[in-house]
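Working notes, beginning with the structure itself.
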Amino acid sequence: MDAHELSFRDGHGSSTSTMKDGCASAEKPHYLPGDSSFTSVFGPSETVEDVETEPGSTQDKPHSFNTQKPIRENLAGKNVAPFLARHIPEQYAPLGSQGGQPVEISSANSKYCYRHRPDLKCRRQADEPTMDKLQRELETLPQSDQQGIAHAWSIFSAAPAKHRKLILQGIMAQCCFPQLSFISATVRDLIRIDFLTALPPEISFKILCYLDTTSLCKAAQVSRRWRALADDDVVWHRMCEQHIHRKCKKCGWGLPLLDRKRLRESKREIERRAATWDVSKQPAGIEGSSATIETAAAGSKRKPESGKEDTAMVKRQCTSIVSQSEQNEDYFKTRYRPWKEVYKDRFKVGTNWKYGRCSTRVFKGHSNGIMCLQFEDNILATGSYDATIKIWDTETGEELRTLKGHQSGIRCLQFDDTKLISGSMDHTLKVWNWRTGECISTYSGHRGGVVGLHFDATILASGSVDKTVKIWNFEDKSTCLLRGHTDWVNAVRVDSASRTVFSASDDCTVKLWDLDTKSCIRTFHGHVGQVQQVVPLPREFEFEDHDVECENDNVSVTSGDSPAASPQALPGFDGQTSDTPSSAFGPAFDDGRPSPPRYIVTSALDSTIRLWETSSGRCLRTFFGHLEGVWALAADTLRIVSGAEDRMVKIWDPRTGKCERTFTGHSGPVTCIGLGDSRFATGSEDCEVRMYSFQT
């Protein structure tokens, strides 16, 4: 070993690092390695003599630490630069050209996902606060230390994926536990990515559709991009589908149906726009747009050398066309509320239903007990034992008109946009133009008072004191009489889709009739008091298997004229509440004929409400809570509302049987109920109608 090499080793000092408290000293300068690793950095053919020293330095005197620093810097620069140039990824920064032609970027490698492309240099955006802090800490170090650290960063930055792994493995192998803990804490934040922004929008929407409303609202607060995705109609339309007019299977939360008035107004707006649309009266710019484009294109073909003036003219014309198109977008575009706002509105109403937050309006005007009512939008119709029908404005509480013509008390009524039909104890039904108060026609067919009626499409059914159900067909003017009950028929319900009718009677039974065969296809037994109401539930209503109670101890069902049989003996009954084929109702129901409503609810003077499955005749649930007979009943997919002799109104969950809320206020028995998505109305023998609105 010559003197020069010996003095160089002495300048470095020992190559062995010391350990303090199990950790390498953080104050040790970061210089180039000693003699043991000298050749690995410089290459096998390089020596110290090949490197020039600073002017004025001599090889004869000993090499101190300060005289060796310029040598190390030159050595580092001489060896780092080729490494950097050799390992720069071509797709990130191609080096020069080949044969005078630019270097072509290779096609994307489909074997790797977007996060693992070893052929590309990482373009991850730098974290500004972190880099500022790093820069300040670096500036506190000596210049030589800064250069050494910068060289290490440069080598790692230019290294390919395989080299980077080796470098990291070597570094972590020399780290102590505190340093490894620091790496773990730092990496935990660095590996977090904005996956919603990185993924295609379709996949992002799919992910967001699995979140609940609270999580979606929090996601919208992350960034502008997340807000745009989380507030998109794709996500909230799915949320509305899951919750509006039905109970969500995941969270058990259900929201009221959209306002029918709003739907009808939207439909009328579309029809009005379609009816008044005239092609000859298009907004300015629509008709001439294509002609302008065609002329500009033709001019450019005829005079390709016309110069900048023609080009500017074409640009001005195109700009004018675009601006005109933007101005005319509103002419064609229909304005819709964002689905998030729709959900927000319905959620507010649903919350008010849950906690009983509502406003109350009382309608007074009848001189005797109110026996029937119905409301739609801002119109309320009530029928009373004073033989009159009153039409009210629900928004102002004003009485609009009174319909007079019946000779006795009015027990039932129903109206739509064009007509109102009423049934009275004077044995007649009357058809009214409720907007003018004119009586259009009177139907006489029962030998007793008419206590129940319902029409759907062109079919009208009426129940009477004479123990019969009469069917009136408005289309072919035909009628038929259904006999089978042994006491008053208090309520009837028509389902025109399946061509069936339900009837409830004082003989404690409920019957299902086939209008094609004019026969009874099912009789439901279970109530021990006179059945006052029967209400089919909407087809959207779903009842879970695990919610079924054992209610068959005192329940039987008769199919047709056969003797009473247990539900398990019925055709098509498999012991489950899954969809039952139409054949369960008899041979008349083939695959092309819709089945009757799957579930019905009934109320009786035995103080109970029952939920039935029509295909099997099973009583799925009995609702207990009223102290006296239940006269009035209304239901939808979310709730059941009942009114009873005990002067109370109760709100029930049809799936659990739980009474969610009780309303009081009437001083007489509650005889009739009307139910909407955001309100309900009750009528009583105290001559009052009380309307509860939850849209506050």
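Note: Cβ is positioned from N, Cα and C throughout, glycine not excepted.
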Segment assigned the feature region 'Disordered' in Swiss-Prot (from 290-314, 390-414, 640-664, 665-689): 290-314
Secondary structure content, the repeat 'WD 1' (365-402) (per DSSP, counts of residues): 0 helix, 23 strand, 15 coil
Rounded mean pLDDT for the residues that make up the repeat 'WD 2' (405-444): 96
Tertiary contacts of the repeat 'WD 4' (484-525), as residues 6+ beyond its ends and Cβ separation under 8 Å: 451-465, 467-469, 471, 531-536, 555-561, 564, 585-586, 588-589, 593-597, 600, 602, 604, 612, 614, 617, 619
Residues in the repeat 'WD 2' (405-444) grouped by DSSP into helix, strand and remaining coil: 0 helix, 24 strand, 16 coil
Secondary structure content, the repeat 'WD 7' (665-696) (per DSSP, counts of residues): 0 helix, 18 strand, 14 coil
